[in-house]
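S.K.: Have a look at this one before I ask anything.
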Amino acid sequence: MSYDYHQNWGRDGGPRSSGGGYGGSYGGSHGGGHGGNRGSGGGGGGGGGRGGRGRHPGHLKGREIGLWYAKKQGQKNKEAERQERAVVHMDERREEQIVQLLHSVQTKNDKDEEAQISWFAPEDHGYGTEAPAENKPNSVKNVEHQEKKMINQEKRPFRIRDKYIDRDSEYLLQENEPDATLDQQLLEDLQKKKTDLRYIEMQRFREKLPSYGMQKELVNMIDNHQVTVISGETGCGKTTQVTQFILDNYIERGKGSACRIVCTQPRRISAISVAERVAAERAESCGNGNSTGYQIRLQSRLPRKQGSILYCTTGIILQWLQSDPHLSSVSHIVLDEIHERNLQSDVLMTVVKDLLSYRPDLKVVLMSATLNAEKFSEYFGNCPMIHIPGFTFPVVEYLLEDIIEKIRYVPEQKEHRSQFKKGFMQGHVNRQEKEEKEAIYKERWPGYLRELRQRYSASTVDVVEMMDDEKVDLNLIAALIRYIVLEEEDGAILVFLPGWDNISTLHDLLMSQVMFKSDKFIIIPLHSLMPTVNQTQVFKRTPPGVRKIVIATNIAETSITIDDVVYVIDGGKIKETHFDTQNNISTMSAEWVSKANAKQRKGRAGRVQPGHCYHLYNSLRASLLDDYQLPEILRTPLEELCLQIKILRLGGIAHFLSRLMDPPSNEAVLLSIKHLMELNALDKQEELTPLGVHLARLPVEPHIGKMILFGALFCCLDPVLTIAASLSFKDPFVIPLGKEKVADARRKELAKDTKSDHLTVVNAFKGWEKAKQRGFRYEKDYCWEYFLSSNTLQMLHNMKGQFAEHLLGAGFVSSRNPQDPESNINSDNEKIIKAVICAGLYPKVAKIRLNLGKKRKMVKVYTKTDGVVAIHPKSVNVEQTEFNYNWLIYHLKMRTSSIYLYDCTEVSPYCLLFFGGDISIQKDNDQETIAVDEWIIFQSPARIAHLVKELRKELDILLQEKIESPHPVDWKDTKSRDCAVLSAIIDLIKTQEKATPRNLPPRFQDGYYS
């Protein structure tokens, strides 16, 4: 439908024929229309009635008075909010240009009447240009569906087949044909090794491992069964030895070329360290075409293609499956550490289970800690199990009552706290089993205390009774460390705490004591926020007479091994993220450890000599701990996984997820599908849209993927890739203990006046690149000055390269260089980058309101679903009061003690109008408004609102075409529709000033605002 805008829309706002419609109301409310508007104001003034001067009417009593004042306050707040609304306006020159542009584009296209799908709103939130689907005849719906299906099939070659395949992918897709010459060569190499001194020395070590004595038994079981479960304690050698047993057995039988083993690891650090260890045991270097190598995201040292062992992260196999659904070149797949139950390994188990019938020759080995091996065997049709005994020294365990009795601990503050306030129901994790256990705990408490009095001193029982077990008692830990240092033998101490705050506080507590300030102690905090330079000290043995104290999160349970630990202090809590499907919010809280966690922690103490493990919970609590942590799939959003299921062609999302070992709830699955439909990544048949295909191929969650695509389309690629990498990995800032305030100040310095955590990371990254170009010393000084991790920055740099490869392969850019000038025409414009952030992260929007009722200026922040929320203390916006606009876009919202926005960026009205949800034009009494999803509301003259809405429609059409057939925008072709529409939108975003009633152009400043 084409408009002659000057014919249909008068300069004063409404259709010429509408008389008192838009035109009349515009004149009445803004053009000095004193009658209606002022009259209503006067009428409202008398509303106080008999109360006089705004007091309540005299006939009201009790609760009625309170309700009257509440209603009055609500009206006052609503009016204040109306007056604070930003005004969307444009000068006459731009208005004229956009009218001409729209007229030209719409005439040129002579658009067909088929409704366009909005990228930013659910399909049923159209712009009102098409009858709702439910009102259409079935025959019409069927024809439309078939047409769409045919279009999609025609475009499939573009979408499914990436143009670019990297070296690692080529390696993975290599065919595995038997090769007699290679078989002989591998056999000769293995025989030769047996005379190599390095190999012989390593062999002596291997022979001492419990797994080595079971070599024949293990190999026979794997040979004779398609699936085998191997369980074993830490230190038994299952991860390093089982793969070697299989490979050497094949080589010795003259079938080495037919053996290609892939072993998955849950973490990057373990994939690398295990591969390097196995290579060393085989007297080889890791990778370089030898027998053993690794592949993790953005890093690989690949082994030879046949007769080899590849250690890789679980995500690598899932990506591999996209190109080779049957893993046809793999002879053995070993899934290690499956007891951890992370999301990817649970999914891979189900995929592999389905694969067994297609690949009867494929051997599957599942490796787990001892505790739950039976469950995995049952899942794979009661396949055989074999157990390898552990190799640890005995460890003496102490529970809370033992510790208090042993060190005669008395809390400083003797305040009785309710034992039953939360108990097992830590945070907001509403699980029935937790509630049931809490009820049992409460019921058994009196009997437990009676039993304690028979075995422990009265003072110990009194302390146990008074302690608040919701909190980790850091004073008790400090006292226990002091006791170990003074009374026990030498040996490193490892303390497990739930999070950064506890680690930081305990460190300060120890350093406040003169004893720990001496050079006889090395205290090392171990956390992802800590600089990695400090953390390398963890692995170094200390000189005689020096005691190492490591304060860590659960990263020290399995990911790393600290050899010299003799004493473990188990704080009893672990930070867990959960997803509340009812309120659509992530929550993070300190939960009680599981029995499996406790066992792992205990095992850390007995690796080199007999050890001691101190658990900071009582024996009643110990008896009620869960066997394992809740599997990740039951406590995380599922959007990224749903896209993976579709790209791997695993069938219906709900059907596939229902077959997992622990299926997620229907609510969680439906919520994720709904979000993906709103994002236009899935259609109503739950099939991938063209956008969905691109998002599924990007190794990030969907909102970040969408941001990456927009960064390419709007030619601000480099900064947007920096933001995307940091959101999907982590930001590069570190917080050394004792330097928190200085670190915060440096971060704010990098923020400049952007009012954006995301642009702060961009500025930090740019500074690092410049420093790096000048040399290593400058890079080191820069990172030191601004509290940045050079390792993390390097990882972000590598990830940006990977994202650019994906974009090149899909056709969105013409170079794999993130800094290619053609992809960065708008990269210096902060407002355009903010618009792209908004395009990716919408609808994660928060509203800012200035709170003037306080003595000092403050802002309150709200979201649509949560009401009042808080900006996280680490955000650069936490103390900000001078915002240009009233809206923030954020990535992570999480409930801990409060609901926090962890990162946010201030965005302008045009960002939200062009890249937000469904647009509607409304009237709010005397105010003309334009709204996004009916809650983000701006003042706007009707003619401007209609121009914006039409321009937005053109943008949606253009974007849909770009996604279906990607190619870079040709900015030199200024006459092209693409260039004209995008340039007009960019121009509006770039030139938008702070648009509140205080700084409007003269034609807006009239009686309404004075």
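Backbone N, Cα and C atoms are what each Cβ position is placed from, and that goes for glycine too.
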S.K.: For the motif 'Nuclear localization signal' entry in Swiss-Prot, name the matching range from 399-410, 519-530, 927-938.
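M.R.: That would be 519-530, the stretch labelled motif 'Nuclear localization signal' in Swiss-Prot.
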S.K.: Over all shown protein chains, what is the count of other CB atoms within 10 A of the CB belonging to S965 (phosphoserine)?
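M.R.: Its Cβ has 12 other Cβ atoms within 10 Å.
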S.K.: Can you work out which residues elsewhere in the same chain, 6+ from the ends of the motif 'DEAH box' (336-339), have a Cβ less than 8 Å from its Cβ atoms?
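M.R.: That would be 238-239, 263-266, 270, 345, 349, 366-369, 371-372, 376, 558, 596, 628.
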S.K.: Going by DSSP, give the three-state secondary structure for S965 (phosphoserine).
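M.R.: The residue in question, S965 (phosphoserine), is coil (DSSP, three-state).
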S.K.: For the region 'WH domain' (631-700), jot down how many residues DSSP puts in helix, in strand and in coil.
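M.R.: The breakdown for the region 'WH domain' (631-700) reads 39 helix, 2 strand, 29 coil.
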